[in-house]
């Protein structure tokens, strides 16, 4: 399957390139093979961007992907991430099962594909990282690229902690039995740990043995050395993958992009054979069309498309900047966006088969506990109570023995398969609790545990390659930095700084800080960044001007669909999302978070302290303010330069 995907993409690119050599005009345009990027002889077509001699030199020396397939795999590895596995299934569960696919695909057409194509085209045309690309379009837009780098830096700081957790679970997956399969004994070995008895063995392993979580954000606690070592290992792996830029990353993406599909296929085959899997699939594919009238379903679909493709981080611009100038980025934008969405649906089928197994297992366990309780309480014959006649027998016992039944009633749980399937979980709760709970009940659980956490690692590392590329490409594009330090040193410094700061997330309160960064570091900032990007291309650089550049690059005119989406539909949608999130934050009032209460064995809601609210404000402002500040600094510099010239004259 993985090899088939690669061969299909390669075949498409070869066919297209054969046509391209026949159709590309021999007039001014960007031509060339490896190390291309040469400016056309003579002038530019009317309206084409002027590129300085210094930038032309940088283009000639710029490394390129070995082939178009490598670029597509890099984009897939970056875009297809943990959100496809742990957020999309949750949204399907929350907003109408199969009915959620309707707003999802509409948003893919209106928002996903157009904005992905826009970023790939900008990167390939300007042949720079995010800072340099937007600076070429307009010097006043240099802050857009800086904002993307800042957001990517924030993301890298906390995102690799997920890989550290995946390493931790992977190392423990070789134990028999799995350490989260049962509760550990207490210190006296007279029973199980009290905290574990109040919750479940999988939750105990996650909250206590993995995170060793504190009761609140105020109790920061110490750094957990096991998690710190796993984080260092995660950053070492990322560093080795990006050590030589596209030369090393280009080889790694074949593994990080294809291996998750192999694991998902294995899980699909296993999942479909599990008892109760069909219950989960029926739940997923039964559309609840009434959810189409729910505005939050449409907002969630748009948000999922936006963040799943990784728009606004600068990673896609960085990847595309290493393309041949004549690369068909339009075709690749469509391929990547469709594969990303297909992967989300594929992962949901796998997830809901696991959901069905877990829900059925919990439902039948609940039924068996009730039957055992009734058999012992009323001294009934074994076999007289079954799941089929349980309801009738409960009615009979309540009528025949009202007092005894009333005393027993608080212990009788109301078992419901529908209620089990309705339990919606996303994020780390799905990845490290729900999945691990299902895995522990499988045969050969160690094998499936290893496969699952290897898949999480591949997805996480693939996304990290894109995140670090968004930071490193503008740095290596800078002549000041690149002339003084080799690429290996620049990469090492970035990874080291991120690793040191990331130790905050390995403290006892680290998971609360993780949630703060995950919820607030990127959402509003990315919406603003991409909104400015579309406005910049369409109304500052000029849509007609950009259309001519694309015609020069790919050899055909821009379709009306892309122009309508870029100029009107996508910006309006982004503005709507921005207003929604801003309004939601305002109406929410005091921001709150979920804290783990060990005495109750469950999560409780608490208000964020003042310094946490200040940090949230700083996270949002530090990236968004880069855009106006960049424009202001450029304006002041130009004004001062003009005054110096007039003074000399």
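Every residue gets a Cβ built from N, Cα and C, even glycine.
All annotation found in TrEMBL is predicted automatically rather than curated by experts.
According to TrEMBL, the protein has these features:
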BINDING   79, 80, 84, 308, 340, 459, 463  Na(+) binding site
TRANSMEM  68-88  transmembrane segment
TRANSMEM  100-118  transmembrane segment
TRANSMEM  139-159  transmembrane segment
TRANSMEM  225-243  transmembrane segment
TRANSMEM  297-322  transmembrane segment
TRANSMEM  334-355  transmembrane segment
TRANSMEM  450-472  transmembrane segment
TRANSMEM  493-514  transmembrane segment
TRANSMEM  520-543  transmembrane segment
TRANSMEM  564-583  transmembrane segment
TRANSMEM  611-636  transmembrane segment
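Long-range Cβ contacts of the transmembrane segment (68-88) within its own chain (Cβ-Cβ under 8 Å, at least 6 residues beyond either end) map to 6, 9-10, 13, 17, 120, 162, 249-250, 253-254, 256-258, 260, 304, 307-310, 315-316, 319-320, 322-324, 327-328, 332, 335-337, 339-340, 343-345, 347-348, 351, 426-428, 430-431, 456, 459-460, 462-463, 465-466. Applying an 8 A CB threshold to same-chain residues 6+ apart, the list for residue 463 (Na(+) binding site) reads 77, 78, 81, 82, 159, 310. Scored by C-beta pairs under 8 angstroms, the transmembrane segment (520-543) has its highest count with 564-583, from the stretches 139-159, 297-322, 334-355, 564-583. Cβ atoms under 8 Å from those of the transmembrane segment (450-472) belong to residues 74, 77-82, 84-85, 129-130, 148-149, 152-153, 155-156, 159-160, 162-163, 166-167, 169-170, 173-174, 234, 237-238, 241-242, 245, 249, 252-253, 255-257, 259-260, 263-264, 266-267, 310, 313-319, 431, 435, 439, 487, 490-491, 494-495 of the same chain, restricted to positions at least 6 beyond its ends. The transmembrane segment (564-583) makes no contact with the transmembrane segment (225-243): fewer than 3 of their CB pairs lie within 8 A, with pairs spaced 6 or more apart in sequence. Recorded stretches compared: 100-118, 139-159, 225-243, 297-322, 334-355; the one with the most Cβ pairs under 8 Å to the transmembrane segment (493-514) is 225-243.
Per-stretch counts of Cβ pairs under 8 Å to the transmembrane segment (297-322) identify 100-118 as the leading one among 100-118, 139-159, 334-355.
In sequence order, 76, 78, 81, 82, 83, 309, 310, 343, 344, 462 are the same-chain residues whose CB sits within 8 A of the CB centroid of 79, 80, 84, 308, 340, 459, 463, the residues recorded for Na(+) being left out. Long-range contacts of the transmembrane segment (100-118) within the same chain: residues 91-92, 94, 291-292, 297-298, 301-302, 304-306, 309, 311, 316, 329-330, 333-334, 336-337, 340-341, 345, 530, 533-534, 537, 561-562, 565-566, 569-570, 573-574, each at least 6 residues beyond the stretch ends and with a Cβ under 8 Å from a Cβ of the stretch. Beyond the transmembrane segment (225-243), the same-chain residues lying 6 or more positions past its ends with a Cβ under 8 Å from any Cβ of the stretch are 160-161, 163-165, 167-168, 210-211, 249, 252, 460-461, 464-465, 468-469, 472, 487-488, 491-492, 495-496, 498-499, 502-503, 505-506, 510. Listed in sequence order, 80, 81, 82, 84, 85, 256, 260 are the same-chain residues six or more apart from residue 459 (Na(+) binding site) with CB atoms under 8 A from its CB.
Neighbours of residue 84 (Na(+) binding site), defined as other CB atoms within 10 A of its CB across all chains, total 25. The Cβ of residue 79 (Na(+) binding site) lies under 8 Å from the Cβ of 308, 309, 310, 336, 337, 340, 466, each on the same chain and at least six residues away in sequence. All chains included, 23 other C-beta atoms sit within 10 angstroms of the C-beta of residue 308 (Na(+) binding site). Annotation: 80 carries the greatest number of neighbouring Cβ atoms among the binding-site residues 80, 340 [cut-off 10 Å, Cβ to Cβ].
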